[in-house]
Amino acid sequence: MADAVMSDAHLLGFNTRGTKRESDQQLHLGSSGASGAGVKRQRVEPEQQEPGNPMSMPVSQAYQGFAPLNSQGNQEPTATPDTMVQPFAAIPFPPPPQNGLSTDYGSQHTQDYATQSTEHGIPLYGGGQSLAEHSAPATSTANASSTTDGSQTEGQQSQSQNNENSETKASPKRLHVSNIPFRFRDPDLRQMFGQFGKILDVEIIFNERGSKGFGFVTFETSADADRAREKLHSTVVEGRKIEVNNATARVMTNKKSVTPYGNGWKLSPVVGAVYGPELYAVPGFPYPTAAAAATTAAAFRGAHLRGRGRTVYGAVRAVPPTAIPTYPGVLYQDGFYGTELYGGYAAYRYAQPATAATAATAAAAAAAAYSDGYGRVYTADPYHTLAPATSYGVGAVASLYRGGYSRFAPY
């Protein structure tokens, strides 16, 4: 009987190792010390005789999925391939954190291992094609993410450029308008430029004689300022072609202090000669000699010196100097102090008329003695109330405007 079972097993393709394993298993369950071959024959024969025994079905047959040979009284359902033990499936791990970004923007987690389907047989791992299939989506995902990042960067750059352009257009802009009619005032300039946009400020530059013929107009936006400049530049207004340009910031440069005097003095020659004659001695200046100075000082000793700074004037200053035209040219750098202004006055001071009265002559001598030689007389001078000489003319007035300081100047 056992030989028949073994022959049937060989015909059906059974592996005899399962039978041996099953007999070994049966051996451990409590059989006495019998040989392996005898136990195998002893256990196969009772299995066919006892169909109701739950241990009658061989383990190898149930594991391989085949029905037992003698299943006459077996009440258990036949095992199918669907009820086989499934191999280990990869657990889907959660995706890594994306630094606060939602999962929509993060790269999707791809399954690292392929699950074995029941249709395939023994192989638990996929071939090279499956690996390529899984690596291709990862590569495409990386390319897609890099493309998305590049597009986002380009979008941010374009948006920042648009913001800069809008800020530039929205910033105020100042225009310089020149050659405007002299009768124009701020309302006239505002009316002329107001048609192009909102104006923040209008300013026409004036001096003590009136309008200087140019001004500034500040628009709220640079776009309006550019449009006004294009429309109004080189247009003729009341016979004058006005010019409209972009106003530039005034550059404040630190100019080197160049002394206006040729001899390198730090102070004006007039101031230096008055308050410190011994410090500012000019070559060629007609100072008296020491003996003449001593004689003059002795003659004027005890006399009451009137005027400012009596302690400043020494024996040298007590002697009346010669006429101003004989002074060296280095002393006067401008017409304001030159003979253009004081030449006539000095001429009539030192050229007294011969027919003058004795009192007038004495007064003139006293005036010459007590004056400082620069037109300032500190005593009663009968000629002091006379009008200036004819040499005080247009040239002197022009030099006053050019060289002097005017409080009406806008700069």
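One is the number of the first residue shown, and numbering goes on along the chain from there.
Any Cβ shown, glycine's included, is placed from N, Cα and C.
Taken from Swiss-Prot as is:
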COMPBIAS  58-83  compositional bias 'Polar residues'
COMPBIAS  99-119  compositional bias 'Polar residues'
COMPBIAS  135-165  compositional bias 'Low complexity'
DOMAIN    173-249  domain 'RRM'
REGION    16-175  region 'Disordered'
SITE      ARG174  site 'Interaction with RNA'
SITE      PHE182  site 'Interaction with RNA'
SITE      ARG183  site 'Interaction with RNA'
SITE      ASN207  site 'Interaction with RNA'
SITE      LYS212  site 'Interaction with RNA'
SITE      PHE216  site 'Interaction with RNA'
SITE      ARG240  site 'Interaction with RNA'
SITE      ARG250  site 'Interaction with RNA'
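Shown here: features listed in Swiss-Prot, placed on the structure.
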residue: ARG174; record: site 'Interaction with RNA'; Cβ contacts under 8 Å, 6 or more apart: PHE216, VAL217, THR218, PHE219, ALA225, ASN246, ALA247
residue: PHE182; record: site 'Interaction with RNA'; Cβ contacts under 8 Å, 6 or more apart: GLY210, SER211, GLY213
residue: ARG183; record: site 'Interaction with RNA'; Cβ contacts under 8 Å, 6 or more apart: SER211
residue: ARG240; record: site 'Interaction with RNA'; Cβ contacts under 8 Å, 6 or more apart: ASN179, ILE180, PRO181
Cβ neighbours of LYS212 (site 'Interaction with RNA') where a neighbour is any other Cβ within 10 Å: 14
Overall pLDDT of the domain 'RRM' (173-249), taken as the mean: 93
DSSP three-state assignment (helix, strand or coil) for ARG183 (site 'Interaction with RNA'): coil
DSSP-derived helix, strand and coil totals, residue by residue, for the domain 'RRM' (173-249): 22 helix, 33 strand, 22 coil
Candidate with the highest Cβ count within 10 Å, taken from the recorded sites ASN207, PHE216: PHE216
